[in-house]
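The structure appears below as structure tokens.
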Amino acid sequence: MAASKTHRIDIARRRLLLGAGGAAAAAGLGLAPGRLFAQEPISIAGIYTVPVEQQWVSRIHVAAEAAKAAGQIGYVFSENTSNTDYPRVMREYAERGVKLIIGEIFGVEQEAREVVQDYPETAFLLGSSFLDDPAFPNLAVFDNYIQDASYLSGIIAGAMTQTGNIGMVGGFPIPEVNRLMHAFMAGVRETRPDARFQVSFIGSWFDPPKAKETAFAMIEAGADLLYAERFGVSDAAKERGVLAIGNVIDTQADYPETVVASALWHFEPTLQAALARVADGTFEAANYGLYSFMKEGGCSLAPLGTFEGKVPQAALDLVAEREAAIRAGSFEVAINDDEPKSS
Amino acid sequence: MEIFEILLSASFWAAVLRIASPLILATMGELICERAGVLNLGIEGIMVFGAFAGWIAVYAGLGLWPGVLVAFASGAMFGLVHATLTVPFGLSQHVVGLGITLLATSSAYYAYRLALPQVTSPPRITPFQPLNIPVLSDIPFLGPALFSQTALTYLAFASVAVVALVLFRTPLGLALRAAGENPAAVEAQGLSVTALRMGAVMVGSGLMAVGGAFLTMSAFDSFFFEMVNGRGWICIALVVFGAWMPGKALLGALLFAGFDALQIRMQQTPMGAHVPYQVFLMVPYVLSILALVLMSRRVEVPAALMVPYNRGER
């Protein structure tokens, strides 16, 4: 695996620097070794159960790559790690002395926590369906709490649908997916109170042909706007000439006539918050999901791009008003993790 | 009742054909292998590799049809590995087949990452577009349902006709079926059981790969890990369902696709608001198992299926 190879080189270089740092301190240059630690890149490892192209993981990967390019961190990753293999890979990185491990443990909540306990010196920042727990002081959790942006994208969707019939295709009804769907629906109802929603889950994260077929069925049943939670949905919308709203990433470049707006997730605030705590030694159990909120800069509405001038001004005004209120803290988008149903 | 409305819409039948196409191709591939006496559990992985190979070939600049050929060739290559281990060496077909699935799947992932080390979303190709067959596609209802598909769907149906024709109307087909029923008799005719079986596994694996390629070159336009999503295993069941007969296997594939297209649509009806979505997702599998039970009561399995043939051994 190429990733682990670079990793070993990284570690070797780090040891070398460590040695040099120690020597410098011993030579009495007046610098504490701890300070040298803080200045050199923090070594972090990403462990993902899917390829780094996947929407959700890509946001983490992009943020980490950017921090790496800025010289802030040393970053290696393992992608496509199956859940059964996940704890082993965690241990491997922890054993190698990585300072911070990021990843997602939605499928291995229990086993991952056992590993976390075995490596108290390593900081873990993992996507999880559960909240932080003081019993695991070195495990902080996060998730893409981008309901603020999803809500705003819903306001636009409600203004753009002609039929008031909106199709939503999801993978599995897990909290992260449900929450954003509900926020989106709440947004739609602001501009289209009588909207009807068709909700389907395809029971797979990666089956674009199936997502596409499901989206076709929704269009045939009258949907003229689709909430594209999965790859394949925007393709169906494009083929049949209806609109779509993107989620997590901006795909408008691929579907210029189709994707009106997208709710974007920015992992950077989450990562930076964790890095700051790792650097000053105050990393502890916490819910980093809060750093995905709009007021933290963790999410945003993608620029309208090709749909500039095509969205009714009244809706844009409402978006601007609500966005300002959300950022000011005077408006909160409800968080609802229940499974959404067709209406 | 919504169900009748759904069944009476042309778009439903068009969806059935789309969903069935990859299953038909791969089922024909598996059927050829098994008729010659070799169970090919490499199917799932070979479909993954075919999906990757055809797509990457087109992405690299080849045309769509050459891409299909590349997919076929890549499948045949894995078929050669499978056949070499199971036919002349006579190793366990279960173990080799599963091994091929693991090998082909990981090879596809590995090659993908080598070819595209730094991508944020998988690149797209221009896939096969629906062909509106002149005159036929203008027929009300039948036109949009049957004659506005992509070329690969028509190829899938053609493959059933060709497989049936070759198996039951040519000397080659007779020899192939005999290799799966009574290899000693084939040997007595002066034909090579090894060559027949290896050839069948290679061609069959090629078809499986084209079935996989349907997903990246017709149903969708880019490659994702795990996108084959168990379709290969369904094809294994469809061969049994079809009692090793191409026509019946085609029927099975259409039936499964029909249940799938139906459940997708039923989820949108008022019923969908009350029944958990998992029940809908289960429907095609449950109904197919039921149909399998009913259909396979008088099935004759190829007598030498999974029995390695050693020359001169009795």
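Backbone N, Cα and C define each Cβ position, glycine as well.
Here TrEMBL flags B:6-26, B:38-58, B:64-83, B:95-112, B:146-168, B:200-225, B:231-256, B:277-296 as transmembrane segment.
Comparison of B:6-26, B:64-83, B:146-168, B:200-225, B:277-296 by number of C-beta pairs under 8 angstroms to the transmembrane segment (B:38-58) places B:200-225 first.
Listed stretches B:64-83, B:95-112, B:200-225, B:231-256, B:277-296 were compared with the transmembrane segment (B:146-168); the greatest number of C-beta pairs under 8 angstroms is found for B:200-225. With a cut-off of 8 Å between Cβ atoms, the residues of this chain six or more beyond the transmembrane segment (B:231-256) that come close are 16-17, 20, 22-24, 26-31, 34-35, 41, 43-47, 101, 157, 160, 163-164, 167, 208, 211, 215, 284, 287-288, 291-292, 295-296, 299-302. Proximity of distant same-chain residues to the transmembrane segment (B:200-225), defined by a Cβ-Cβ separation under 8 Å and at least 6 residues beyond the stretch ends, is recorded for 18, 21-33, 35-36, 38, 40, 42-43, 46-56, 58, 64, 67-68, 71-76, 78-80, 82-83, 86-87, 108-109, 112, 122-128, 150-153, 155-156, 159, 176, 179, 231-232, 235.
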